[in-house]
Amino acid sequence: MADEWQEAYEFAVEVARKAGMVIKQEIDKEMKVLTKSSTVDLVTKTDERVEKIIIGSLKTKFGEKAHKFIGEESTEKGCELTDAPTWIIDPVDGTTNFVHGFPFVAVSIAFAVKKELEFGVVYSCLEDKMYRARNGKGAFCNDEPISVSDVKDITKSIIISEHGTDRTPAKVEKIFSTMQKILCIPVHGLRGSGTAATNMCLVATGAVEAFFEIGIHCWDVAAGAVIVREAGGIVLDVSGGPFDLMSRRMLSANHEDIAKRIIKEIEVFEVPRDDGVKHLQQPSSF
Ligand code: IPD
């Protein structure tokens, strides 16, 4: 049977590279910074321009109406994932880094069919690292196969957690309390690159054992989820239940033992879902 989505996968890599070139050209220029959900949730003209370039290129290639799009900058209210072939795009993952010149910024492009992620591409453009993975076909960085670390003992691990863009004191308290408990297990270290997509690729390459966050969006983690799974890792809800792309909660890890130990410490808090659905229970599989 012909490989229906291979062409789309290869094209996504091309488009991510083109988008990354624009980001690299713009990063040193004077930029106007606007805010979105809070005063620390930043957006620039480059985010909007790069998203237009990506969606425009995909529409030119595959037709105006063939696919649906969920893009960070063009999806204003709730995004719905249907059975239709759908691109899920973060044009500049790590906008705060981009604004400050902190050297981790990624283009994240995923593709889902019948609500299942088919492939994911993350271009960490300032490092020139092109991560990609397709269901059942392995994960790669700059065309070299990648795989997660084989560390199962949490006391020998590095864990990534981010604090996101919500500064509500009660939420910040839970985030830092979770980080403190994990740090004191103890683990070798806590890290964070400032881009969820890159964080997931760091799990996929074995540089760290896990990354979790509550408050991320589907466009931050869709591509990384395929890359982590294809590199041999797992992607779950922060409760240990199945990963739900629209839930804004995600834990990726190299191994179940590491995931289980982290889940024990996570102080979960409520965030509105990306699809606007009120509340879904996340049964733990552990
Ligand atoms: C952000 C980054 C960051 C994460 C935030 C995201 P953006 O994405 O992925 O690492 O902590 O939750 O919103 O806004 O730069 O695309």
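Positions of Cβ are set from backbone N, Cα and C atoms, glycine also.
Predicted automatically and left uncurated, TrEMBL annotations should be read as such.
Here TrEMBL has D90, D93 binding Mg(2+) 2, and the candidate from D3, D166, D220 in that same listed site is D220. Neighbour density for D90 (Mg(2+) 2 binding site): within 10 A of its CB lie 33 other CB atoms from the protein chains shown. Its Cβ taken as reference, E72 (Mg(2+) 1 binding site) is surrounded by 23 other Cβ atoms within 10 Å in the chains shown. Neighbour counts of Cβ atoms within 10 Å were taken for the binding-site residues D93, D220; the minimum is at D220. Between the alpha carbons (Cα) of D220 (Mg(2+) 2 binding site) and E72 (Mg(2+) 1 binding site) lies a span of roughly 9 Å.
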